[in-house]
Amino acid sequence: MVQRLTYRRRLSYNTASNKTRLSRTPGQQDRLPLHQEGRESTYIRMWRVPRQTARGPCCETQVLMRLSKTKKHVSRAYGGSMCAKCVRDRIKRAFLIEEQKIVVKVLKAQAQSQKAK
(Lines of atoms letter the chains of each structure in order from A and count residues from 1; the text may use other names and numbers.)
(Lines give C-alpha, C1' and ligand atoms only; values in the text may rest on other atoms or scores of the structure.)
Protein backbone atom coordinates (compact mmCIF):
# COMPACT_ATOMS: atom_id res chain seq x y z
CA MET A 1 0.00 0.00 0.00
CA VAL A 2 1.12 3.57 -0.70
CA GLN A 3 2.51 5.60 2.18
CA ARG A 4 0.15 8.42 3.18
CA LEU A 5 1.79 11.84 3.40
CA THR A 6 0.63 14.58 5.72
CA TYR A 7 1.40 18.17 4.74
CA ARG A 8 1.65 20.65 7.58
CA ARG A 9 0.63 23.70 5.56
CA ARG A 10 -2.56 24.54 3.70
CA LEU A 11 -1.19 23.74 0.24
CA SER A 12 -1.88 20.04 -0.22
CA TYR A 13 -0.47 19.53 -3.71
CA ASN A 14 2.96 18.38 -4.81
CA THR A 15 4.13 21.59 -6.46
CA ALA A 16 7.56 23.18 -6.87
CA SER A 17 6.91 25.67 -4.06
CA ASN A 18 5.66 22.95 -1.68
CA LYS A 19 8.79 20.82 -1.55
CA THR A 20 9.09 18.58 1.47
CA ARG A 21 11.29 15.89 2.89
CA LEU A 22 10.14 12.88 4.87
CA SER A 23 10.75 12.73 8.58
CA ARG A 24 10.63 9.23 10.01
CA THR A 25 9.58 9.22 13.63
CA PRO A 26 8.87 6.29 15.89
CA GLY A 27 5.21 5.46 16.29
CA GLN A 28 4.14 6.93 12.96
CA GLN A 29 3.01 3.77 11.18
CA ASP A 30 0.12 4.88 9.00
CA ARG A 31 1.31 8.35 7.94
CA LEU A 32 4.64 10.15 7.58
CA PRO A 33 5.02 13.75 8.74
CA LEU A 34 6.73 16.05 6.25
CA HIS A 35 9.10 18.94 6.89
CA GLN A 36 8.90 21.86 4.49
CA GLU A 37 12.13 22.72 2.72
CA GLY A 38 13.24 26.31 2.40
CA ARG A 39 13.83 27.84 -0.99
CA GLU A 40 17.29 27.72 -2.47
CA SER A 41 19.09 31.00 -2.08
CA THR A 42 20.70 32.55 -5.14
CA TYR A 43 23.49 35.08 -5.08
CA ILE A 44 22.74 38.54 -6.36
CA ARG A 45 24.07 39.08 -9.86
CA MET A 46 25.20 42.37 -11.29
CA TRP A 47 23.04 44.00 -13.92
CA ARG A 48 25.91 44.41 -16.43
CA VAL A 49 28.05 41.29 -15.99
CA PRO A 50 26.53 37.97 -14.84
CA ARG A 51 28.85 37.72 -11.86
CA GLN A 52 28.31 37.79 -8.12
CA THR A 53 28.40 41.21 -6.48
CA ALA A 54 30.45 42.02 -3.43
CA ARG A 55 27.32 42.24 -1.38
CA GLY A 56 26.13 41.04 1.99
CA PRO A 57 24.68 37.62 2.75
CA CYS A 58 23.46 35.15 0.15
CA CYS A 59 20.09 34.09 1.52
CA GLU A 60 16.40 33.83 0.76
CA THR A 61 14.37 36.92 -0.05
CA GLN A 62 12.29 36.42 3.08
CA VAL A 63 15.46 36.53 5.20
CA LEU A 64 16.78 39.55 3.28
CA MET A 65 13.58 41.44 4.10
CA ARG A 66 14.31 41.07 7.79
CA LEU A 67 17.90 42.32 7.56
CA SER A 68 18.74 45.97 8.04
CA LYS A 69 19.85 48.08 5.08
CA THR A 70 23.46 48.25 6.25
CA LYS A 71 23.73 44.46 6.13
CA LYS A 72 22.32 44.23 2.60
CA HIS A 73 24.68 46.51 0.70
CA VAL A 74 28.22 47.86 0.61
CA SER A 75 28.70 51.54 1.50
CA ARG A 76 30.02 52.97 -1.77
CA ALA A 77 28.62 54.17 -5.07
CA TYR A 78 26.47 51.43 -6.64
CA GLY A 79 27.09 49.36 -3.49
CA GLY A 80 25.09 46.15 -3.56
CA SER A 81 24.30 46.23 -7.27
CA MET A 82 27.77 46.51 -8.86
CA CYS A 83 31.12 45.12 -7.82
CA ALA A 84 34.06 47.43 -7.07
CA LYS A 85 35.85 46.63 -10.31
CA CYS A 86 32.86 47.57 -12.46
CA VAL A 87 32.39 50.81 -10.51
CA ARG A 88 36.06 51.70 -11.12
CA ASP A 89 35.71 50.96 -14.83
CA ARG A 90 32.56 53.05 -15.02
CA ILE A 91 34.24 56.05 -13.37
CA LYS A 92 37.26 55.76 -15.68
CA ARG A 93 35.04 55.53 -18.76
CA ALA A 94 33.05 58.61 -17.70
CA PHE A 95 36.28 60.55 -17.08
CA LEU A 96 37.70 59.62 -20.50
CA ILE A 97 34.48 60.59 -22.27
CA GLU A 98 34.53 64.01 -20.57
CA GLU A 99 38.19 64.44 -21.53
CA GLN A 100 37.33 63.63 -25.14
CA LYS A 101 34.55 66.23 -25.14
CA ILE A 102 36.99 68.89 -23.87
CA VAL A 103 39.57 67.95 -26.54
CA VAL A 104 36.94 68.27 -29.29
CA LYS A 105 35.90 71.68 -27.94
CA VAL A 106 39.52 72.92 -27.87
CA LEU A 107 40.18 71.68 -31.41
CA LYS A 108 37.05 73.47 -32.67
CA ALA A 109 38.15 76.69 -30.97
CA GLN A 110 41.63 76.40 -32.53
CA ALA A 111 40.15 75.79 -35.98
CA GLN A 112 37.92 78.87 -35.66
CA SER A 113 40.84 81.04 -34.51
CA GLN A 114 42.90 79.81 -37.50
CA LYS A 115 40.01 80.71 -39.86
CA ALA A 116 39.68 84.19 -38.36
CA LYS A 117 43.36 84.99 -39.08
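Every residue number used here counts from 1 along the chain in the order it is shown.
The backbone N, Cα and C atoms fix where each Cβ goes, glycine too.
Marked as compositional bias 'Polar residues' by Swiss-Prot: 16-28. When Cβ-Cβ distances below 8 Å are used as the criterion, the compositional bias 'Polar residues' (16-28) is approached by residues 5, 7, 9, 34-37, 39 of the same chain, each at least six residues removed from its ends.
According to Swiss-Prot, the feature SUMO2 cross-link maps to K108. Remark: K108 (SUMO2 cross-link) has no non-local neighbours by Cβ distance under 8 Å and separation of at least 6 in sequence.
Annotation source Swiss-Prot lists phosphoserine at S12. Taking the Cβ of S12 (phosphoserine) as reference, no residue of its chain lies under 8 Å away while being at least six apart in sequence. Taken residue by residue with DSSP, S12 (phosphoserine) is part of neither helix nor strand, so it is coil.
Marked as region 'Disordered' by Swiss-Prot: 16-35.
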